[in-house]
Structure formats: C-alpha cells, structure tokens
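Q: Dropping the structure in here first, questions after.
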Amino acid sequence: MSKLNIGIVGATGYTGVELLRLLAQHPHAQVQIITSRGEAGVHIADYFPSLRGVYDLRFQDPEHADLSQCDVVFFATPHGVAMRDAPALLEKGVKVVDLSADFRLQDVPTWEKWYGMPFTAQAALKQAVYGISELNRAQIQQAQLVANAGCYPTCVSLPLIPLLKNKVLQDGMPIISDCKSGVSGAGRKAAVGTLLCEAGDNFKAYGVAGHRHLPEIRQTIALFDEKLAEKFIFVPHLTPMIRGMHATTYVHVQDNINPHDLIADFYSGSPFVDVMPIGSTPETRSVRGANICRIAAQRAPEYTDNVWILMSVQDNLVKGAAGQAVQNMNLMCGLPETAGLSQVALLP
Ligand SMILES: NC(=O)C1=CN([C@@H]2O[C@H](COP(=O)(O)OP(=O)(O)OC[C@H]3O[C@@H](n4cnc5c(N)ncnc54)[C@H](OP(=O)(O)O)[C@@H]3O)[C@@H](O)[C@H]2O)C=CC1
Ligand SMILES: CC(=O)N[C@@H](CCC(=O)OP(=O)(O)O)C(=O)O
C-alpha cells in the first residue's frame, strides 16, 4: 500500500510539530510539505533538533507550496487561515483536517461573534464534519473536511456524551465544567501571558464571563438536549504545566443512574478513551504525549445521591489537537483508527 502524502500548514507551531512527531511513526503516511512564513527555506533539522534524522524537509512559504499534490493537508494555523485556503484544496480533491476553529461552529453569526472576523467559507462549512472522533466516527469516515474539535471541548464533551445520549441528566439542572489547561494550549507565538515569569508558579481563571469554547461545547450538548445546553457553565484556568488538560464536570443525574457504567459501556469499543474504575482520579501525567482521554466518575453522596463528578484528562496537544487530527485522518482515509497512535504516556 502506498503511503498518503501529507502537508502541514503551520508546521513550526506547537500542534504542527506534534503532528510531525506523531506522523514520523505512522505506517501509512509520509509528510511531504511543511509550511512556515517566518522559516521558509530553513531545514527542519536546523529548526527542530528533535527531528534531526527523522525528516529531510525544508519549510516552504505557504503561498508557494503546492499543497494540491497532497492527499491530506492539516491546517495547524490561527483561526481564519483554513477558512481562506482550504476551499481551493477541497475543490482539487484534497482531504483537509483543520485544527483551528474555522469550521467547528455550524451557526455563522455565533462564529463571527466569538472569533471577531467575517466568516467567508459557507460552501466548505456545509461539508465540514465536527471532529470528535468518538462522536462522529461514521460521518468522519465519509468526510473530505474535518473540523478537529477544540481541546477543552474534547475533554469536556467526551464524558458527557454517553450521559446525554442516554438522557439520564436531570432537566433544569446546570452542568458545570471547571477546566485547567497547560500553557502550550496558548500556542507558540510570543505573548506576555505565557512568559515563564507570568504563567510559572501561578494559577488563574480566564474567560470567566465567556470563552470561545463555550458555544462549541453547547453545540455538542444541544445535539442531544437544547435546554441543557443553555444550562452549561464553563470556566477555564491556566495552570503552570506545559502540556495537559483536566476537566472536572459536575452533573445531576436522575434517580438510580450510574454514570460510570454508562460511560464505560459507551466507550468499550473506543481505543482512545479509557474509563477508570470508580473512585479513581485521573492525572494529566498519565496521558502526557499519548492520544488518550482518561475519564473517571465518582458519586458525591455528601451533596445528594444525584450529584456525580466527572473527571477527564488529556494532553491538549495530542487528544486535544494533533493526535485527534491523526485519528480523524485515519478514519477519513479508511485506515485503522489506531495507526501511528500507539504512543504510551511519558512518565514522570
Ligand atoms: N495549542 C493547543 O493546545 C491547541 C491548538 N489548537 C489550534 O490549532 C491551531 C494551531 O495552534 P498552535 O500550534 O498552538 O499555534 P502556534 O501559534 O504554535 O503555531 C501557529 C503556526 O501557524 C503558522 N501561521 C501563523 N499565521 C499564519 C498564516 N496567516 N498563514 C499561514 N500560516 C500561519 C505559524 O508559522 P508562521 O507564522 O511562520 O507561518 C505557526 O507555524 C490554532 O488554531 C489553535 O487554536 C487546537 C487545539 C489545541
Ligand atoms: C491555554 C490557552 O490559552 N488555551 C486556549 C485554548 C486552546 C486552543 O488552541 O483552542 P482551540 O482548541 O479552539 O484551537 C484558549 O483558551 O484560547
């Protein structure tokens, strides 16, 4: 079987280099084109010593790179780039996985409100499939364009989906998700808030009044229950880790429901969701570098028998971005879902 030709737009960023790390071990894919405006012409080995001897490629200016020769192109770029450049590739038959948020929200006015720019790719949006692999596996298998889900939305939605699907959450009660992200979630570009002296030895909430992932998570909840979607509350925090994300989600379930068993049953055929025994508390370091979302659920009888606390962890750069993107590519291309994604977490 010949290998898929892969292009990565934005290959100098954190999700771009994570794609390069994962695809280096992929049995059915070969990276052919990598782009960067700032590093065009530079050899990858001179920019990423971790990839010395792994790839023999130079960064190309995205304006001049012939991405149409690729089978699959990943956009690991800021919002707005894929919206501008993906439609021409789609017309030429290239499959696209967009790691940015450009095609994640089906409602254009909502997207424009949260991303602060006009949306200009309506035709492509119609064919975009939302890329939480475990939610839309069958549709992703048929898709030419996948809108890879956001990092917080993946971590928060995965434990909720089985409960929403089984309609076991109480009407009228809020779902509250308290989330923490490592600093690499903010990307590699220079910004004061991600300097060591600002983000190190510090912990803070942000986006408290509303974060752009709020409408994305609400869109997923609304697939099952529009009223519960309106009741969803989400507060992200920046924590002084490099990689990692932790979501603690508080739900009110109906009488005599065991969310743990429902979640475990739902994901029994999903290789990248691990449901731990009741009483466990998942740790971010248990998924560092691995394409895994690890979930645990505990009842909280001190409050009421109906309150359960769902904990989910993932590496924001892997299951929250590049790993899920490769998982989606595998599904789109008819490959085994696990191809190239067998990395075990790095401990300590
Ligand atoms: N970091 C994370 O944990 C996650 C990130 N994402 C999303 O993935 C995308 C990439 O994120 P991340 O890797 O962190 O970002 P980075 O800032 O680390 O990297 C961005 C990359 O895009 C390139 N780029 C920037 N502007 C343009 C442009 N106008 N045209 C073409 N290329 C451009 C940059 O290189 P150059 O400027 O040299 O061209 C760089 O290679 C973002 O949309 C982000 O929101 C999604 C989930 C998690
Ligand atoms: C720590 C941090 O800043 N995290 C980013 C989210 C990560 C990300 O890149 O968002 P997408 O998944 O939507 O692309 C943020 O809060 O905006």
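Every residue, even glycine, has its Cβ placed from backbone N, Cα and C.
The domain 'Semialdehyde dehydrogenase NAD-binding' feature in TrEMBL is assigned to 5-143. Here TrEMBL flags Cys151 as active site.
Tell me about the setting of these features in this model.
A: All chains included, 27 other C-beta atoms sit within 10 angstroms of the C-beta of Cys151 (active site).
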Q: Could you give the number of helix, strand and coil residues in the domain 'Semialdehyde dehydrogenase NAD-binding' (5-143) as assigned by DSSP?
A: 51 helix, 28 strand, 60 coil
